[in-house]
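Quick notes on the structure that follows.
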Amino acid sequence: MLPGYPYSILNSLQYFLFYLLFSVPLTLSYRTSKVLNFSHSNFIAYGMYTAIFLHGLAGNQSFLVAAIAAFLAGGSIALLNHLAVFRPLEQRRASPAFVMIASMGLWIMYNYLLYMLADVAHAFTMKNFISYGRIDYADIPDLRILDFTVDHSLLASLASATAFGTALYLLLMKTSLGRAMRAVADNPALAEISGIPREKVLRFTWFLCGGAAAVGGVLWTSFSGTITPASADAMILQVFAVSFIGGLVSLSRTILGALAISLAENVGIAALNTFFGIPTSFRPFITFVTLLTVLIVSPPLGAAGGLPYRFRRKVGGGR
């Protein structure tokens, strides 16, 4: 590891990529479905444990295999949530608060189910799946640049985030399905009147978002020293903070939110530790100070429009 600030900057990049892969699917799912989904952390957790079960039970050491399996698992869970819970509640005209509470129930249910699956796997193999070590994937090499070795987790995260961002941009901007997704997100009623199959769009969106978050979970298994069923829950507040900075509607501002939170958590806490002796365990405190500052100084879309809105008002003469 690099000491001091160089390591903090590198760690910021790593967490930025994680938060991007975790938070952009949350923003996209809310933007399209208007469901504030607290079970989003389950997609990440089940992605982690898809990789863990493949590694511990089948001896898999391929990141690609784990990522594909996790994408299918996370996408299937998200689609099942929509079909079995969110869609029936929408048909009954349930309030957004009621749907949000239902998602919290799903979150609790999936958490206990994951603990049960880990216990069953332990009973058959006598391996500890409740606290699993980091996975070194054979198809992701470390990269050595001069005297510095770039960890394979950072390489995999960078490649995955780049691929996801490029694919999502092409999907939303260059395909008819992407235009349909944007239409449903902007005005669901008008989209249906225009002949866009809203239900099909929602199903695809949920599958895509659940799968993408699950792939992020696989990446976490190549980075974290210890993975537990609660690992995703430990990050979900940061994930929501990032998405909320983006107003839960803007993908570009969600990416900026991921950058802001990752820098605050790593470079910010390193500076506070160096100059004021504040322990690094205060990292979550830094996260939410950043969030509150953004909300007060420059609220996101849905709460006065955020910084771009304020900038346009100044340029446009207060329109």
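Using N, Cα and C of the backbone, Cβ positions are placed for all residues, glycine too.
Long-range Cβ contacts of the transmembrane segment (12-30) within its own chain (Cβ-Cβ under 8 Å, at least 6 residues beyond either end) map to 36-37, 40, 43-44, 78, 153-154, 157-158, 160-161, 164-165, 168, 205-206, 208-210, 212-213, 215-216, 219-220, 223, 235, 238-240, 242-243, 246, 248-251, 254-255, 257-259, 261-263, 265-267. Per TrEMBL, transmembrane segment is recorded for 12-30 (among others).
For the transmembrane segment (42-58), same-chain residues at least 6 beyond its ends with a Cβ under 8 Å from one of its own Cβ atoms are 22, 25, 65-67, 69-71, 73-74, 77-78, 106-107, 110-111, 114, 117-118, 121, 124-125, 127, 129, 132, 135, 209-211, 213-218, 220-221, 227, 229, 231-233, 235-236, 239. As annotated by TrEMBL, transmembrane segment applies to 42-58 (among others).
Among the features that TrEMBL reports, transmembrane segment is placed at 64-85 (among others).
The transmembrane segment feature in TrEMBL is assigned to 97-118 (among others). Residues of the same chain lying 6 or more positions beyond the ends of the transmembrane segment (97-118) and with a Cβ under 8 Å from any Cβ of it are 35-39, 41-42, 45-46, 49, 53, 77, 81, 85-86, 89-90, 129-130, 229-230, 233.
Sequence annotations record features per position, and here TrEMBL assigns transmembrane segment to 154-172 (among others).
The transmembrane segment annotation in TrEMBL covers 204-223 (among others).
Long-range contacts of the transmembrane segment (235-251) within the same chain, counting only residues at least 6 positions beyond its ends with a Cβ under 8 Å from a Cβ of the stretch, are 18-19, 22-24, 26-28, 30-31, 36, 38, 40-41, 44, 168, 185, 257-258, 260-261, 265, 284, 287-288, 290-291, 294-295, 300-303, 306. What TrEMBL records for 235-251 (among others) is transmembrane segment.
If you look up TrEMBL, you'll see 258-279 (among others) marked as transmembrane segment. With a cut-off of 8 Å between Cβ atoms, the residues of this chain six or more beyond the transmembrane segment (258-279) that come close are 4-5, 8-9, 11-13, 15-16, 19-20, 23-24, 238, 241-242, 245, 286-287, 289-291, 294.
Residues or ranges marked as transmembrane segment in TrEMBL: 285-309 (among others).
Outside the transmembrane segment (204-223) by six or more residues, the chain places 14, 17-18, 21-22, 24-26, 28-29, 32-33, 40, 43-52, 55, 63, 66-67, 70-79, 81-82, 132, 134-137, 140, 151-153, 156-157, 160, 164, 177, 181, 231-232 with a CB less than 8 A from a CB of the stretch.
Residues 10, 13-14, 17-18, 20-21, 24, 28, 63, 67, 137, 140-143, 178-179, 181-182, 212, 215-216, 219, 222-223, 251 of the same chain sit 6 or more residues outside the transmembrane segment (154-172) yet have a Cβ under 8 Å from a Cβ within it.
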